[in-house]
Amino acid sequence: MTPTEFSPATTSQLDRADALCTRQGGRMTQQRREILGLILDAKTPVGAYDLLEKIKTPDRRPAPPTVYRALDFLLEHGLIHRIERLSAFVPCTHLLHDAPGHDPDHCHDHDHDTCLHTAQFLICKSCKSVTEIADSSLLTTLRGICREQDFVMQGASIEVVGLCADCAAKARPAGKAARKQAAPSPS
Ligand SMILES: [Zn+2]
Ligand SMILES: [Zn+2]
């Protein structure tokens, strides 16, 4: 088996993910690591079948369940998110950046689902880029609504569809209409 080679930047993110899993009692196998690396390196969300294609070699043809199991593991450990509307996966931004407020130790060490609940995404229809935002006030609002309804929230993925700043700027000469497309969609 010849695992894909990753850049030093990706490798250090993978090492961080590895340490995180170990602390959570999980085991980052070679295959899980490779799949996470491919998701980290992708510029846009990747689907399970794209991943399957990427890890296929002449002497290695992993079966779809192998990929799904690896994805489940990565989701469970908060390393990636699933974009429902695209049926595709993106790395958790908390893993990508050391920015203050995005401390992975803070986010992932305590109550697991606190982090999963906050998954909010801005999806650009034009370039397919996905930006993860973590706005705790949105979560607080949702929690309040659920409490009023006696609804037990187990997860909430908010996916906002529209145009990113770059694509909106490109679309602007055609008129202001482009901005109006950026409306939140229930999911
Ligand atoms: Zn995240
Ligand atoms: Zn865009």
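Even glycines carry a Cβ here, placed using N, Cα and C.
Look at TrEMBL and you will find D111 tagged as Fe cation binding site. Annotation source TrEMBL lists Zn(2+) binding site at C124, C127, C164, C167.
C167 (Zn(2+) binding site) carries a helical DSSP state (H, G or I). Sparsest Cβ environment among the binding-site residues C124, C127, C164, C167 (other Cβ atoms counted within 10 Å): C127. Taking the centre of the Cβ atoms of C124, C127, C164, C167 as the Zn(2+) site, the nearby residues of that chain (Cβ within 8 Å, site residues left out) are K125, S126, K128, S129, L163, A165, D166, A168.
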